[in-house]
Structure formats: C-alpha cells, structure tokens
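Asks: Have a look at the structure that comes next, please.
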Amino acid sequence: MKKAIKIKYATAAIMALVALASLCIVLGLLFAGEGPAFAEDETAPTEEVSETLPEEQSGITDTGMKAIAAAIAVGVAAAAGAIGMAIAIAKSNESIARQPEAKADIRSSMMLGLVFIETAIIYALIVAILLIFVL
C-alpha cells in the first residue's frame, strides 16, 4: 500500500516537472525568434545604424512582459500549492483511516494547513497584480 502511494507521489512530481519544463521550452521558443540582443558584426560599418523597431511596431511592451512574469509567478505558486494540498489531504485521509477516533483533530489540523497554503497562493496573486499595475 505504501509503495503504491509513493509511486503516486513520484508520478505527480514528474508530471509537475514535465509541465514546468514544457512551459520553459514554450517561453524559450517564443522569445528565441528575436535574435541576439547585443551581437556585433565585426565587418559592419562603424557608423551607428539602428535596426530595432519602435516599441509600437515590435509588439513587445513592458506591460506584456509584466503580464508574462505575473502569469509565471501565479502559475508556479498555484501548481506548488495544489501539489502541497494534495499531499496534505492524502496524508490526513490515511491518518483518519488509521485512527478514526482522532478524526476531528486531524481534520482541523489539515484545514489549518490548507489555509496557510492557500494564503501563500493569494500572496503570489497579490504580488502578480502589483507587478502588472504598480511597477
């Protein structure tokens, strides 16, 4: 029974890592098409030529980058919180199954822990909102 539970946790952790890796790959591919930011061509003339587009034409704005950063912050916090909540609920259910007479104490401790986890997720949401609107 315990081995099956460990396999479930390992599977959940691997799925979370795969999701995070795929997010990194997608973001990397999204921004890879912009080319090197500070590359210099030694054979280029010494006069200064600007090949960058104005911000209005390029489509990349500070607000867009802030939104991406906020989405990543909230997404990572929510994913980590969901994994933590799932583990806490699974462990409390195991404890209740082992000791049904302590059901009330176990449930109240679990709810308190879930509140703290959810508070951390809400703090991440507040920071993301501050990133978008204040900074």
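Note that Cβ sites are derived from N, Cα and C of the backbone, with glycine treated the same way.
Heads up, TrEMBL stuff is auto-annotated, nobody curated it.
Per TrEMBL, signal peptide is recorded for 1-39. For 67-90, 111-134, the entry in TrEMBL reads transmembrane segment. Look at TrEMBL and you will find 68-131 tagged as domain 'V-ATPase proteolipid subunit C-like'. The site 'Reversibly protonated during proton transport' annotation in TrEMBL covers GLU118.
Walk me through where these features lie, including what they touch and how far apart they are.
Replies: Helix, strand and coil counts under DSSP for the domain 'V-ATPase proteolipid subunit C-like' (68-131) come to 63 helix, 0 strand, 1 coil.
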Asks: What parts of the chain pack near the transmembrane segment (111-134), using Cβ distances under 8 Å and only residues at least 6 beyond its ends?
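Replies: For the transmembrane segment (111-134), the sequence-distant neighbours (Cβ-Cβ under 8 Å, at least 6 residues beyond its ends) are 63, 66-67, 69-71, 73-74, 76-78, 81, 84-85, 88-89.
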Asks: Please work out the number of neighbouring Cβ atoms within 10 Å of the Cβ of GLU118 (site 'Reversibly protonated during proton transport'), leaving out its own Cβ.
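Replies: The Cβ of GLU118 (site 'Reversibly protonated during proton transport') has 14 Cβ neighbours within 10 Å.
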